[in-house]
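Student: Pulled these from TrEMBL:
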{"type": "TRANSMEM", "residues": "12-30", "note": "transmembrane segment"}
{"type": "REGION", "residues": "40-67", "note": "region 'Disordered'"}
{"type": "COMPBIAS", "residues": "52-66", "note": "compositional bias 'Basic and acidic residues'"}
{"type": "REGION", "residues": "140-160", "note": "region 'Disordered'"}
{"type": "COMPBIAS", "residues": "143-156", "note": "compositional bias 'Low complexity'"}
{"type": "DOMAIN", "residues": "169-188", "note": "domain 'Helix-hairpin-helix DNA-binding motif class 1'"}
{"type": "DOMAIN", "residues": "199-218", "note": "domain 'Helix-hairpin-helix DNA-binding motif class 1'"}
Amino acid sequence: MEDIIEKIKEYKLFLALTAIGLLLGGYFLFHRPQSSASTIPDLYQSSSSTSSKEKVQTTSSKEEKTVTSVSDAPEIITVDVKGAVKQPGVYELRSNSRVHDAIHKAGGMTADANSQSVNLAQKLSDEAVIYVAKEGEDVPALGSSESSATSSASAEKTGKVHLNRATETELQTVSGIGQKRAQDIIAYRDANGPFRSVDDLKNVSGIGEKTLEKLRDAFTVD
């Protein structure tokens, strides 16, 4: 009888251990995959977030470099070089260029050029006109602020407008000179060089002897 009781106890113990083993096995079977599955998205999300941040930083860096590159680019100005130079014409230069640079761009001065007629160290501005006079001519660089100031001072002193220095606006201050005629005078001056006398005005289109008589006392070339 005692043997039977012992066997029953052993059997119960076996059943208890088996049940515990099944419970533990079931726990690990159903809970471990869920833990792994939840970890993978977290890792992916973290990796994706890091990658996105790196992309944003890279893009921002490229944009900054582009902006810096654009701001560092030198400004370009356009100037017109005329007179006693080997290759007269319109040239593009950097904004910090000087008259010397423009003349060099135009091939340099000709053999009969008067190097004293221009200030080689003068800084250029956009739309400037540089006129290199020949020997015997006494004409400052056309279109420069110095030329304009000299013309204004001459007009105030003598009451006459300097034909070789006056701007389009200053020419129109003379009675009988409108915008079109002022442009024609400047065009002639640019194409043929400075006026040697006021009488040369008759060579400008639209100005005859009668018109010249009316204009003669208003201009000077001295």
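Even glycines carry a Cβ here, placed using N, Cα and C.
What TrEMBL says about a protein is an automatic prediction, not a curated fact.
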Student: For the domain 'Helix-hairpin-helix DNA-binding motif class 1' (199-218), give the DSSP counts of helix residues, strand residues and coil residues.
Tutor: 15 helix, 0 strand, 5 coil
Student: Taking all residues of the domain 'Helix-hairpin-helix DNA-binding motif class 1' (199-218) together, what is their mean pLDDT?
Tutor: 90
